[in-house]
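For reference, the structure is listed below as structure tokens.
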Amino acid sequence: MSEVSEAEKRRILREKRKQKFSKGAGSARLHKITTQQPGGASGDSTVTSAEISDNEGSLQRGSNSGQSTREIDDLLAAMDPPIEPAEPLESAAPEVAFIQQLMKMQQGSATPPADEKAGGLFSPLLERLAEQEAGGAPVVSGEVGVHQFQVRQLKAYMLLLRWAILLPFIYYVMHPGTAHWLHTSRFLHFVMEPRNFFMVFTTFEVASISIYYQVLLTLERTNKVNSLSYSSKLVTWAGLVPDGMLPIDNLQGKVVVALHYWDILSMYLTDLSLCLVAAGLMKYYHAAP
């Protein structure tokens with residue numbers, strides 16, 4: 001029973017020492033414990049010199065290891081470059097903010113994608129978006145600026161030329177009796193017949209738009225600039241799609257062709273609508289007393 005009680009006492013003392021050391025008592029607490037003798041304790045319950053030396057050695061090793069750990073942390077902090085503050089998303093463009101959110105979602109995802117092929121397809125797209133974001137908005141050079149000015153000038157000249165012909169044509173179609181000289185020629189009489197209006201108008205539009213596009217292609221070859229590459233975002237975004245992601249070859253080229261056809265159709269529909277409005281106004285004011 002005496003051995004059991006001595007073992008229990010040693011265990012209790014050891015636990016007390018550990019608690020005091022964990023609370024930061026340090027060597028002062030150890031010195032206080034070793035120098036004082038409890039009044040009610042027997043001689044066998046005192047701490048031996050071997051245990052004291054072991055405890056002091058462990059404390060010294062712990063303090064040395066803590067100091068070395070702090071030195072390593074200081075070295076790593078000195079070696080790491082300073083982190084620049086990230087630019088807030090509010091100051092960036094909406095497209096750039098969306099791209100940054102996509103990149104963060106891809107980098108912060110801890111679970112791997114279920115389909116690795118899909119991830120492989122989207123990775124080139126995100127890389128190209130990141131390259132565009134890093135490069136910023138394309139800088140319009142002097143040659144591109146001159147080309148865009150020439151294209152706008154060409155559109156203005158063609159618009160004036162078309163309506164310089166269309167307005168008299170609409171007037172004489174709506175009022176064929178005002179010009180008797182038109183009946184001297186069978187060709188002019190055929191052109192000015194109201195029932196032939198849409199056929200003549202469509203033929204004129206096809207000819208004028210063809211001339212416009214021929215001159216536009218000549219300007220693009222001379223200046224070596226594609227007009228849609230700098231004026232349409234659809235062409236820019238189609239160029240970012242990597243090959244093989246969609247079952248369409250040369251997606252950017254097909255988008256350019258589709259935009260050309262849409263431009264032709266929009267020009268035709270715009271002129272037709274304005275012609276109908278002009279015809280209605282001429283008929284109304286000519287019929288008024």
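FYI, residue positions are counted from 1 along the chain as it appears here.
Glycine is no exception: its Cβ is also placed from the backbone N, Cα and C atoms.
Taken verbatim from Swiss-Prot:
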COMPBIAS  1-10  compositional bias 'Basic and acidic residues'
COMPBIAS  11-21  compositional bias 'Basic residues'
COMPBIAS  33-68  compositional bias 'Polar residues'
REGION    1-68  region 'Disordered'
TOPO_DOM  1-153  topological domain 'Cytoplasmic'
TOPO_DOM  174-196  topological domain 'Lumenal'
TOPO_DOM  217-263  topological domain 'Cytoplasmic'
TOPO_DOM  285-289  topological domain 'Lumenal'
TRANSMEM  154-173  transmembrane segment
TRANSMEM  197-216  transmembrane segment
TRANSMEM  264-284  transmembrane segment
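Residues 162, 166-167, 170-171, 173-175, 201-202, 205, 209, 213 of the same chain, all 6+ positions outside the transmembrane segment (264-284), place their C-beta atoms under 8 angstroms from a C-beta of that stretch. Mean pLDDT across the topological domain 'Lumenal' (285-289) comes to 64 in this model. DSSP assignment over the topological domain 'Cytoplasmic' (217-263) gives 33 helix, 0 strand, 14 coil. Sorting the compositional bias 'Basic residues' (11-21) by DSSP state (H, G, I as helix; E, B as strand; all else coil) yields 11 helix, 0 strand, 0 coil.
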